[in-house]
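K.L.:
The structure that follows is given in the form of structure tokens.
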Amino acid sequence: MKVVSGETMQRMDRRAIDEFGIPGLVLMENAGRGCADAIREMFGRDGCIPVLVVAGKGNNGGDGYVIARLLAGEGWPVHTVVLARKDEIGGDARENLDRLDPSTVSYLPAGGTLSSLTARLDAAALVVDALLGTGLKNEVQGAYAEAIRHIAASARPVVSVDIPSGIDAATGKVLGVAVTASLTVTFALAKYGHVLYPGALHCGRLRVVNIGIPESVAREADGILYVDAAEAAAVVKRRDPCSHKGSFGHSLVIAGSVGKTGAAAMAANSAVRSGAGLVSLAVPASLNAILELKTTEAMTIPLADGGVGFLGDESLVPLRDAIRGRDAIALGPGLSWQPATAALVRHLLADIMVPLVLDADGLNAISEQTELLKGARPDTVVLTPHPGEMARLAGTTTAAVEADRIGVARDFAAQFGVYLILKGARSVIAAPDGRIALNGSGNPGMASGGMGDVLTGVVTALLGQGYEPFDACILGAFVHGHAADLVAADKGETGMSALDVQERLPYAFNSLIRLKGEQ
Ligand SMILES: NC(=O)C1=CN([C@@H]2O[C@H](COP(=O)(O)OP(=O)(O)OC[C@H]3O[C@@H](n4cnc5c(N)ncnc54)[C@H](O)[C@@H]3O)[C@@H](O)[C@H]2O)[C@H](O)CC1
Ligand SMILES: [K+]
């Protein structure tokens with residue numbers, strides 16, 4: 001699904017009102033109705049329950065007044081607390097406030113005491129959070145912050161209108177303090193803040209409701225792709241019954257050094273588990289016997305290393321032979337930081353004319369010479385950095401990368417003409433042409449060594465099967481995380497290993513193929 005920034009949503013609002021003549025009041029009525037429908041469905045099975053609407057002074061509060069009116073009209077006991085004076089409420093919100101029975105509304109102007117709010121919360125079975133929406137501008141303080149803390153202390157289930165109050169719609173960050181909802185009902189399109197962490201954790205279940213904004217406005221809005229199972233299923237290809245090994249490419253993995261044979265094996269074996277027709281694994285000759293034991297379906301290519309256990313320029317000529325005729329190449333897992341190996345990586349880049357996944361030590365080899373990425377190569381380079389590797393590549397700090405994951409990934413991809421999977425909770429996928437996607441699968445169990453080697457094998461195998469690079473990245477990232485979700489469903493997140501994920505890759509692909517069949 002497409003997700004947009006809060007500003008884009010407000011522009012869509014304006015277009016609907018100014019260009020299509022849809023009154024803001026109608027949008028607000030539809031927004032409130034969408035929330036009331038979701039509340040009825042999720043909390044009304046056992047009849048009407050006492051509801052407390054906690055409203056701010058803007059249109060988020062306006063949606064809250066519509067919800068209050070609609071539920072009260074169906075017999076729900078509803079009370080509304082407004083964190084402002086009545087004369088501070090204007091426009092469409094005021095029009096809806098005036099339609100409420102005054103005896104069901106209390107005003108708690110900023111600077112006043114919130115003691116009555118606690119009593120109201122105790123009397124409620126459900127809280128509607130209509131304090132702040134996309135109009136949130138800065139850190140939540142004062143009465144709003146206190147109200148949010150009271151809501152949390154009440155331990156009542158909360159339905160957040162549009163976005164949990166205190167969550168920045170553009171970044172998903174908590175601005176001071178934020179509501180944690182059981183359900184969030186948003187309008188027209190989800191926002192970045194609904195899918196980026198920690199915002200995603202504050203939303204509870206997310207429901208996107210249509211409020212009558214024209215389809216063309218939504219379609220034309222700038223946004224990024226949030227990759228859920230439906231999006232991944234739309235990308236995955238079924239296998240042609242007449243296909244053969246050659247139909248699925250021959251992937252080459254160049255990897256491994258003393259102490260890091262596991263990285264090489266996991267990258268190669270994950271490529272096998274991701275549908276590659278053939279996989280070859282080029283490793284230092286002194287480690288070949290070990291890799292022959294750690295792999296079965298993949299073929300190994302021992303490269304003379306003088307017994308040192310890592311690759312150097314003496315492997316350049318045999319590697320040029322090995323890359324010939326391959327359909328996709330992975331360069332980096334477990335290669336080591338040895339200067340000789342880094343020099344080999346830099347020399348080899350100019351010879352690779354097929355899609356390349358550059359990972360781990362392969363990334364470190366070029367982090368001082370990123371101009372090498374702009375080589376004359378006609379083909380595709382996919383980088384799969386974690387935040388620390390991204391920081392080295394971009395010449396910044398890990399904190400700066402984490403503060404603007406989308407922006408850093410987008411800018412680097414465009415500047416160097418590469419595809420990027422910036423790993424982490426909600427991996428960011430960026431294409432040179434500006435396309436951005438957020439991966440919707442995965443869990444904290446993936447925070448363990450080797451997971452990146454598995455991802456490298458998955459993406460390499462997909463590139464070798466002919467997937468368009470952006471599709472290979474979004475499908476690879478999703479399948480990688482989805483396999484981990486399947487493992488977590490079986491045995492939890494603690495103690496999950498990269499091998500567990502590697503083994504579940506076919507099951508993850510299979511679940512998408514099945515979903516595709518239903519689409
Ligand atoms: N198409 C749609 O998505 C529709 C959205 N609607 C709702 O409108 C709100 C956005 O309303 P807006 O008036 O712009 O702002 P908010 O209600 O979110 O904020 C209220 C008010 O709060 C002030 N404010 C900003 N930051 C803070 C802060 N840190 N502490 C206290 N107060 C703050 C600021 O002055 C704001 O004006 C959207 O979320 C939807 O719920 C429409 O109703 C229907 C169409
Ligand atoms: K809200």
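Glycine is treated like the rest: Cβ placed from N, Cα and C.
Pulled these features from TrEMBL for this protein:
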type: BINDING; residues: 59-63, 133-139, TYR144, ASP162, ALA263, GLY334, HIS386, ASP453; note: (6S)-NADPHX binding site
type: BINDING; residues: ASN60, ASP129, SER165; note: K(+) binding site
type: BINDING; residues: LYS423, GLY424, ALA425, ARG426, SER427, GLY452; note: AMP binding site
type: DOMAIN; residues: 9-219; note: domain 'YjeF N-terminal'
type: DOMAIN; residues: 228-512; note: domain 'YjeF C-terminal'
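Tell me about the setting of these features in this model.
P.N.:
Long-range Cβ contacts of GLY62 ((6S)-NADPHX binding site) within its own chain (separation 6+, distance under 8 Å): MET28, GLY32, GLY91, ASP92, ALA93, ARG94, ASN96, LEU97, ALA130. In the three-state DSSP classification, GLY62 ((6S)-NADPHX binding site) falls within a helix.
Neighbours of ASN60 (K(+) binding site), defined as other CB atoms within 10 A of its CB across all chains, total 24.
Neighbour list (GLY452 (AMP binding site), Cβ cut-off 8 Å, at least 6 residues apart, same chain): PRO333, ASP359, ALA360, THR384, HIS386, LYS423.
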K.L.:
Expressed to the nearest Å, what is the distance separating GLY334 ((6S)-NADPHX binding site) and ARG426 (AMP binding site) at their Cα atoms?
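P.N.:
Each residue's Cα considered, GLY334 ((6S)-NADPHX binding site) and ARG426 (AMP binding site) end up 24 Å apart.
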K.L.:
Between ASN60 (K(+) binding site) and GLY424 (AMP binding site), how many Å separate their Cα atoms?
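P.N.:
Rounded to a whole number, the Cα-Cα distance is 32 Å.
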K.L.:
Looking at the binding-site residues ASN60, ASP129, SER165, GLY334, LYS423, which have a C-beta within less than 6 Å of some atom in ligand 2?
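P.N.:
Checked binding-site residues vs ligand 2; flagged ASN60, ASP129, SER165.
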K.L.:
For a quick check of packing: other C-beta atoms within 10 Å of the C-beta of GLY334 ((6S)-NADPHX binding site), how many?
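P.N.:
There are 25 of them.
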K.L.:
For ASP129 (K(+) binding site) and TYR144 ((6S)-NADPHX binding site), what Cα-Cα distance in Å is obtained after rounding to a whole number?
P.N.:
11
